[in-house]
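Structure, as structure tokens:
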Amino acid sequence: MTQISAKDVPGMGRRQFMNLLTFGSVTGVALGALYPVVNYFIPPKASGAGGGTTAKDELGNDVTASGWLADHKEGDRSLVQGLKGDPTYLIVDGPDSIGDYGINAICTHLGCVVPWNAGANKFMCPCHGSQYDATGKVVRGPAPLSLALAHVNVENDNVFVSQWSETDFRTDEKPWWA
């Protein structure tokens, strides 16, 4: 066998360069498209001692108890981003306290977001008329079940939302969402 000198070895041709460029571009796009899919299946990191998720406001900022209480009056129910990114109502119990539970705002009938009607003191679904009392218990269908609950904990002024797995205090039954 004869040795080929370095100057006789042909350089990368245009076709090979274009193949490498195409492969790199397709690989980059595929990885970019797969990232959100893979991220969906990875559970969020636990925060706080209770293992909850940090509550976030409508802009995606962490909710602080002091800021929330300064902007919301007693009896107010306002939305935050809770577990799994679901809209969750934080309840202001008093001038200086956030309730120890939150109410998931997803209607149990068809999944619409249920707004709080302060005048009627209940949640009223705009899609098909289901109604829930101030604690999220269904009072008028077609929704078959009460709204899901979540624990709310305040630690070092940060608000955390965690899974509710105990008995539902509204129905004295096991929670359907756990």
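Glycine is treated like the rest: Cβ placed from N, Cα and C.
According to its DSSP assignment, His128 ([2Fe-2S] cluster binding site) is coil. Marked as [2Fe-2S] cluster binding site by Swiss-Prot: Cys107, His109, Cys125, His128.
The disulfide bond annotation in Swiss-Prot covers Cys112-Cys127 and rests on sequence analysis. Counting only residues at least six positions away in the same chain, the Cβ atoms of Cys107, His109, Leu110, Cys112 sit under 8 Å from the Cβ of Cys127 (disulfide bond).
Across the domain 'Rieske' (65-161), the DSSP tally of helix, strand and coil residues reads 10 helix, 42 strand, 45 coil. The domain 'Rieske' feature in Swiss-Prot is assigned to 65-161.
Per Swiss-Prot, the feature transmembrane segment maps to 20-42. Panel annotation: around the transmembrane segment (20-42), no residue of the same chain lying at least six beyond its termini places a Cβ under 8 Å from a Cβ of the stretch (none).
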C-beta crowding around Cys112 (disulfide bond), within 10 angstroms: 16
Position of peak Cβ density within 10 Å, selected from the binding-site residues His109, His128: His109
Among Cys107, Cys125, the most crowded of the binding-site residues [Cβ within 10 Å]: Cys125
Reported mean pLDDT - the domain 'Rieske' (65-161): 87
Cβ within 8 Å of the mean position of the Cβ atoms of Cys107, His109, Cys125, His128: remaining residues of the chain near [2Fe-2S] cluster: Thr108, Leu110, Cys112, Val114, Cys127, Gly129, Ser130, Pro142, Ala143
